[in-house]
Amino acid sequence: MATEKDAVASGRETNDMTGFTFPHREGETLKAGDRSDLHSSHSNVIGTTAEHVDDVPRWRKCMPTFLGMGAKGGDAPAEAKKSKPFNFRHHQMLNLTSGIGMGLFVTSGRQLAIGGPASLLINNLLMTITLYFVSCTMCEMSMRYPVSGSFIRYAARFIHPAHGFALGYIYFCAYMFTFGAESNAIAYTVRYWLPTVPFWAVALVFLFIILCIHASPPHIFAEVEFVIGSFRVISVFSFIIWTIFMLCGFKKGDRHETPSFGQYYQNPGPFNMGIKGLVNAAVLAAFSNGGVEIGAVASGDVHKPRFSIPRTLNTYRFRMGLFYICSLFCLTLLLSSKDPVLQREDVLLSPFVYSLEIYGYPALAHIFNITITLSVLSVANCCMYVCGQMLSVMAEDNNAPKFFAVKNAQGKPARAIYFSFCCGVVVVMASAFSSEAFEWLASNTGMVFFIVWLSILFAHLMYRRAVSVQGNPDTQTPFLYTMRWHLPKDAIGSLILWFLLGGQIYIAIAPLHGNATAKTFFNSATPIPAWFILVTGFIILRRNKARFVRPHAVDLHTDLPKEDPNETAYIHQYRKLPWWRRALTYIPFVSIPVNEDDNSAVVMTTQLPRTPSFGSLGDLSSLDDRNKPVAAAHAHQA
């Protein structure tokens, strides 16, 4: 019997759905029998659809691609299709666990020691609320303009070209700083087992693994992130269950007293150092929560974006509830903010590993330390991916040398990734010989994240304003996510971020310890003057005297997605499933069943009422008074 792959390669359809029809643009009706397999979004093998079939041997695809050894060698032709390594399970796990490394597993101890348990929870709760709003805005804009490096292009298109230029470079530097901070963290996690191992040896192995991953085909990166992300989810969930057992009295050994609910909120108290401690811990909370925008950076590399991107909002809620609120609340029940080990500024010790150790579970401490090591490696891996994408996008937009815009035969920006890797090596070596490197890298990266999130919210406001003036540019494509109550959400998120950003400036002027100097200011607020310098330099060198982009002058038509009838049918079949069956599809490796015997014709209009399936599915027709009323659409359907 011929396999599915043989059927695809021979050009035959793998799904016999000749009776199932669905509409296309301008009222056209197409048959699903003319389309390829609808299971490709949940396929565990990349390259099972017709667009990925070629004659390149598998062993040739596994060769490194930096020097033109992969695929058919050399650079890709201009008309070559870009490889899309992320299917739904990859994109879901990337949004769920991207950026969760030393920020959560290591700096949470510093947050607890500086601000106290209440400050730790308040800061992360504010970050959770704000970043959910940011995720909603990125979801809406990414579906309508699914391009790589999305938010820097949105900033240039909807706000000002100079702002997009500056945002791209400070974001690139932020992930270089994150790469250096992660290298510090992985050295300390390895020294948990090997205290005498030199830093350079750990860094060398660390850099070699990162290079091997990015020298491999694109789907290797996606699979590595998926596997490590699964370990993170299981480990954090297990830590929460273990904390419940500790509160029930299952402590082993005599190294620590049995924890009780809320004891450390009474003694030594919920807050340390007052408002300064709260605000100073906020920048570390931003560093811990950073990475939520990686999904938007990868939006141009996702299969079936209208299906995958809105569903990631639900995984984001799980991410914030499980990883940040629940796990950190458990941490405040187990450790005191006055613990002398946490108060030491020269040690990067994971409070999760420390709590497992002092309560008499050293074996679990070793297992969790393995998870932290893999998580740090994963975050550094994402840093290289993001830096390569950012540099390539800036080169395509004439904001960086054109040399970095060239992609290889697999669609990877190999030159940009290789240059980013070289910069990362320099940052790692610099951080290896500085005792204050970690604090400086973490605080400045958190400040960059504040600026990036503010820019995303403001770009969304400008986009909605332009749509209200010009009208919805795409009323034909169905199943486009629309953010509800966008104005209150954008306003609340911006106010929270402005408050936290102002707090960081206050801490830079009036530090926790000692007097304010120029050194203390730039140690905490370097990205702000860097942003002003980049914007000013862009305006002077490009002689760009334009103000903010006017709503009537915004380009709303470039990069609009082309409707994929295969994807439309896929989403329609998904929406017909019962709610419990849709919920099960959020579990990796659980495929979406396609009803191949459905012979009913499907009529879709952009004016149908909104349904609650996997977020808000609809369009921006409510913003355009020139659209036809809903009643007319129903009458036409009848």
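Cβ coordinates are placed from backbone N, Cα and C, and glycine is handled just like the others.
Range with TrEMBL annotation transmembrane segment, chosen from 353-373, 521-541, is 521-541. Note on the domain 'Amino acid permease/ SLC12A' (90-547): mean pLDDT across this stretch is 82. Highlighted: of the candidate stretches 120-138, 197-214, 226-245, 521-541, 197-214 has the greatest count of Cβ pairs under 8 Å to the transmembrane segment (416-434).
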